[in-house]
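Trainee: What Swiss-Prot records for this protein is below:
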TRANSMEM  5-25  transmembrane segment
TRANSMEM  39-59  transmembrane segment
TRANSMEM  72-92  transmembrane segment
TRANSMEM  102-122  transmembrane segment
TRANSMEM  134-154  transmembrane segment
TRANSMEM  171-191  transmembrane segment
Amino acid sequence: MTEYILLLIGTVLVNNFVLVKFLGLCPFMGVSKKLETAIGMGLATTFVLTMASVCAYLVESYILEPLHIEYLRTMSFILVIAVVVQFTEMVVHKTSPTLYRLLGIFLPLITTNCAVLGVALLNINENHSFVESIIYGFGAAVGFSLVLILFASMRERISAADVPAPFKGASIAMITAGLMSLAFMGFTGLVK
C-alpha cells in the first residue's frame, strides 16, 4: 500500500509530466489563459488519461505481447486513446449535456495531447502492474491538472498586473512556467 502512495505522490509532484518530463506543453500553454477552461481541460484529461492507461495496459498484456507484435505499440496506443476520447465524448454527451457544452472543444483536443501517449508508453516501459498503471495514469492526470490550474490562476493574476512591455504575452508566461518548474524541483528528494 505504501508503494502505491509513493507512486502517486511521485507522479503528481516529483516527476510531474508537464514541469519535469515536458509532456503536454501544448495544452499547458494554450488552455491556461482562463481558469474555467483550465479546470474543464483538467477534468477531461484526468478521466481520459486514467482510462487510457488502463486500456493501454490491457492491450499490451492481452493482445500485443501474446501475439508478439510489440512493434505496433505506438500505433495501437494512439488508436486506444482515440477510442477512449470518443467513448468519453459520447458518455458525457448522453449523461450531462451541460458538461458536454462546457468541455466541448477540449475533449477532441485530448487526443493530440502527448502526455496521454507518454503515460501509456511509460507505463509499459516501467513494467507497471495493472494497479500501478491505474495509479500512475491517475497521478499523472492529477499532476497535469494541478499544474494547469495553478498556471491558469497565475496567468489571470499576471494579466491584471503591470508587466513591462517586452515581457507581455508569451514571454512572461514562459518565465512563470520556468519558476513553477523550479518550485516543483523542491519535491525532488521527497520520493525515491
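Cβ coordinates come from backbone N, Cα and C, glycine included.
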Trainee: The transmembrane segment (134-154): which same-chain residues, six or more beyond its ends, come within Cβ distance under 8 Å?
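Mentor: Result: 4, 7-13, 16-19, 24, 27-28, 31-35, 37-39, 41-43, 45-54, 115, 119-120, 122-123, 126, 128, 176-177, 180, 184.
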Trainee: Which sequence-distant residues neighbour the transmembrane segment (5-25)? Criterion: at least 6 residues beyond either end, Cβ under 8 Å.
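Mentor: That would be 45, 113-115, 118-119, 132, 135-136, 138-140, 142-144, 146-148, 177, 180-181, 184-185, 187-188, 190-191.
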Trainee: Which sequence-distant residues neighbour the transmembrane segment (72-92)? Criterion: at least 6 residues beyond either end, Cβ under 8 Å.
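Mentor: Those are 44, 47-48, 51-52, 55-56, 59-60, 63-64, 99-100, 103, 107-108, 110-111, 116-117, 120-121, 124, in sequence order.
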